[in-house]
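Working notes for the structure below.
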Amino acid sequence: PTSDDTPEVLNRALSNLSSRWKNWWVRGILTLAMITFFFIIIYLGPMVLMTIVMCVQIKCFHEIITIGYNVYHSYDLPWFRTLSWYFLLCVNYFFYGETVTDYFFTLVQREEPLRILSKYHRFISFALYLTGFCMFVLSLVKKHYRLQFYMFGWTHVTLLIVVTQSHLIIHNLFEGMIWFIVPISCVICNDIMAYMFGFFFGRTPLIKLSPKKTWEGFIGGFFATVLFGLLLSYVMSGYRCFTCPVEFNNDTNSFTVDCEPSELFQLQEYNIPSVLQSVVGWKTVRMYPFQIHSIALSTFASLIGPFGGFFASGFKRAFKIKDFANTIPGHGGIMDRFDCQYLMATFVNVYIASFIRGPNPSKLIQQFLTLRPDQQLHIFNTLKAHLVDKGVL
């Protein structure tokens, strides 16, 4: 059932407006509030961002699982609510354990308990999952088998969609704040501008799954997002706090974002195609290489990203619900705001792995130093022989 979840203050202030314009103002005010909150958590740094990502992930999981409980009337199934949250805990333990081992390697090797947990991390994770699996089998009840397996599958698909992709957001964050902020901002910009263009100029329906989406909004959102991505990338590429990878300083036991900017974030001169030279009046343009990558990110955010929203719309229509929840007035639940963000996070992670990231010498050296002296000597002699053969030494 739908209800008016708009705060009473806004209801009174906008009481004289039509429902169309009232909804426009409510969405606008709440959007500005969320953008302000986004800027605040960015200012507070990586640890706060990771905490917020985890909180969002848990809330999205709760919203989707609650829909499953309501649709399949599964409140009375033994242990199942407990098991759903237990599996969430297991998957988060696995992913965050991998992240800690990967990015805090020196700290892990320094502390004995962490070193033991890191060494047997995957075995412990599997044992925890296996415990939940056995508990599920023991909880099977006659006449409810099909329903219980429905919910078992529902839980695991939710974990795949929500937890796995939220973990990729954290990986993107460690590559540099710019890889976290620009993609998220492009999705936000596309969402806002597509709504604005659709609200004022929309006439042609885009897709049946979302009747309010229009071609005018889709196309207007695309051009606005690409332009926004170029401008935002130009501004952020000049600051080390955004471009440097997030690393853990063992001396201060805190995160640092300080480095010599890579070539991606150094101004370079590019020749403008001769076809465009007569139009713009320039032969060359100085820009950051990252701005070229931002075109790919913003294009995905505006052309493919919305399909995450269409997927969510189809899901909601399948189960006859308007929103995942009513957490944010005028916007629905947290999942309603993050349906495109998760798809975007996966693309950014794949994009970095395919076109950006190379071997990391510092991580190799960290692992090298943890080996026994005879193993270190063997690697040294092998590397020396290889470099001599190549004529480097």
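Sequential numbering from 1, following the chain as shown.
Just so it is clear, glycine is given a Cβ too, placed from its N, Cα and C backbone atoms.
TrEMBL labels come from automatic prediction, so no person has curated them.
These numbers come from a predicted model, not from an experiment.
The transmembrane segment feature in TrEMBL is assigned to 24-56 (among others).
Positions annotated as transmembrane segment by TrEMBL: 77-96 (among others). Residues 54, 57-58, 61, 65, 69, 121-122, 124-125, 128-129, 132, 135-136, 139, 141, 144, 147-148, 151, 155-156, 159, 163-164, 167 of the same chain sit 6 or more residues outside the transmembrane segment (77-96) yet have a Cβ under 8 Å from a Cβ within it.
Per TrEMBL, the feature transmembrane segment maps to 123-141 (among others). Only residues 6 or more beyond the boundaries of the transmembrane segment (123-141), in the same chain, are considered here, and those with a CB under 8 A from a CB of the stretch are 77-80, 83, 86-87, 89-91, 93-94, 97, 117, 148, 152.
If you look up TrEMBL, you'll see 148-170 (among others) marked as transmembrane segment.
If you look at the transmembrane segment (176-202), the same-chain residues 6 or more away from its ends with a CB under 8 A from one of its CBs are 24, 27, 31, 35, 38, 42, 46, 49, 169, 212-222, 224-225, 228-229, 232-233, 236-237, 241-246, 257, 265, 290, 294, 297-298, 301-302, 305-306, 340-341, 344-345, 347-348, 352. What TrEMBL records for 176-202 (among others) is transmembrane segment.
For 214-236 (among others), the entry in TrEMBL reads transmembrane segment.
Here TrEMBL flags 290-312 (among others) as transmembrane segment.
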